[in-house]
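Lifted from TrEMBL, the feature list:
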BINDING   D261, S262, S263, G312, I313, G314  NAD(+) binding site
BINDING   G314, G316, C319  K(+) binding site
DOMAIN    103-162  domain 'CBS'
DOMAIN    167-225  domain 'CBS'
Amino acid sequence: MATFFPGVSHTFSEYLLVPGYSSSECIPANVDLKAPLVKFRRGEEPAITLNTPMVSAIMQAVSGPRLAIALAQEGGMSFIYGSQTAEDEARMIREVKSYKAGVVVSDSNLTPDMTLAEVMRLKEQTHHSAMPVTENGAPHGKLLGIVTSRDYRPSRDPQDKLVREFMTPVEKVIVAPATVNLSEANDIIWENKLNQLPIVEEDGSLVGLVFRKDYDSHKSNPNELLDASKRYVVGAGINTRDYAERVPLLVEAGADALCIDSSEGYSEWQARTLAWIRENYGDSVKVGAGNVVDAEGFRFLADAGADFVKVGIGGGSICITREQKGIGRGQASALIDVCEARDQYFEETGVYVPVCSDGGIVYDYHMTLALAMGADFLMLGRYFARFDESPSERVTVNGSYMKEYWGEGSARARNWARYDLGGDKKLSFVEGVDSYVPYAGPLRDGVQSSLLKIRSTMCNCGALTLDELKEKARLTLVSATSLVEGGAHDVVLKETNQQVLFNN
Ligand code: IMP
């Protein structure tokens, strides 16, 4: 006879937090949101700790290098999408790892043969007064000199005067080697009273410029997530099919952690993938697995060697898995079950395997609920797709700014490897849709506003850390009518365009 799970499957919207006692120390500024990303033994520290418990979904519409950098600056981490060639994915990882905070890759580069008139036109377009001169005018070409507004007199010099005649040649420019860190670069700027400092490779090619005004990146990103070499931390998605070719390229490119991207993780395919990674890399390569929705699935992946386990089937905003296949489970119920299994596993084995709640977060308060229910960190797709830094273009739909957002199982992404059932060919049905999400500006503003809400709610629960939240949170199920009571009701809203559905 089939197994019936007791009770019903609940979603985040069916729960609320009941406030607990908060002392005067419980203020948002005192809240610490650090969270373990990968497994660790009792009494030890995890190899990677997030400063913000958010990771971005392994999706074409979400996790490219630009978003990865912006999220790492806010203390979270991206998993670059795997539905592209291994070489392209590795290139994106390299782009994040080689990004130097505070080093600006110039978009107004000159060649020695350009005229003053052309320089003036470029300056008008970009508003940059310092322009590097490179051999071929390319951003990373061999540096030949620099032109600043001190090098010419626009009204007196002839318009056809060549850059080579008035630039400050590289021999007279103070430059720093590519090995310099930002704090050393800033010291050079201050000691030499410079406005900008070109950073160059050993062969003389230009890396970028550090500007005086960008003086302390760490001061403006106090939460940033860096590796031991002060590079941004970034992860990469893999599948259960081409791991033997893909993983070595990603590891070599510097990926800090991998994650098997699959709609269903309780499978021999995942165990084989994890075994291959352990055989070839031991514990040095960190890899998460999933997705599962119950204790049995968690234990299977934990025993198979996963560094973290992802929870969630069918709850993603673009997901139609439940409609297509009738599999899945309410995200809240799944999460509560799996987190209990994680704690039991920790008690039995002394190994803590972090749990990631993946998909289905609509409101900011859902994030706090998921963390209160036991999630160590959250994976979000729709949420990040809305920001400037996500890979898709901003478009105007019916007079409103939107960003495109499509599922990995949609016909657009064609990521059939995440639905691996051992066949050679793609499945003949889709499990995701192609859609728009309301544009939400820069990631930094959005994340900081969400984090403030999480911190404030944690204070209402008397919790200053995520562990305390898990311990102290008091949750209650709500009835259908109390959902109505919880929104604005029985009033006539003054602004008809007030966002109700997408308020985060
Ligand atoms: P969201 O944050 O609710 O938008 O959910 C994002 C999550 O949905 C991802 O992290 C994946 O686990 C899942 N997902 C991505 N693409 C698809 C799809 O095409 N079908 C079903 N689930 C998907």
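Glycine is treated like the rest: Cβ placed from N, Cα and C.
From a predicted model like this one, the values you see are computed outputs, not experimental measurements.
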For the recorded NAD(+) site formed by D261, S262, S263, G312, I313, G314, which further same-chain residues have Cβ atoms within 8 Å of the site's Cβ center?
E264, G265, G290, N291, K310, G316, C319, T321, D358, G359, R418
So which binding-site residues out of D261, S262, I313, C319 are up against ligand 1, CB under 6 A?
C319
Reported as an integer number of Å, what is the Cα distance between G312 (NAD(+) binding site) and C319 (K(+) binding site)?
11
In the chain carrying D261 (NAD(+) binding site), residues 6 or more apart in sequence that have Cβ under 8 angstroms from it:
I58, F79, Y81, G82, G237, I238, N239, E408, N415, R418
Kindly report the helix/strand/coil residue split of the domain 'CBS' (103-162) according to DSSP, in that order.
14 helix, 15 strand, 31 coil
What same-chain residues, at least 6 away in sequence, bring their CB to under 8 Å of the CB of S263 (NAD(+) binding site)?
N291, I313, T321, G409, R418, Y419, E431
Taking the residues the record says bind NAD(+) (D261, S262, S263, G312, I313, G314), how far apart in Å are the two Cα atoms that sit farthest from each other?
14
Provide the three-state DSSP residue tally for the domain 'CBS' (167-225): helix first, then strand, then coil.
20 helix, 16 strand, 23 coil
Please name the residue among the binding-site residues I313, C319 whose C-beta has the most neighbouring C-beta atoms within 10 angstroms.
I313
Hey, what's the Cβ neighbour count for G314 (NAD(+) binding site) at 10 Å?
26
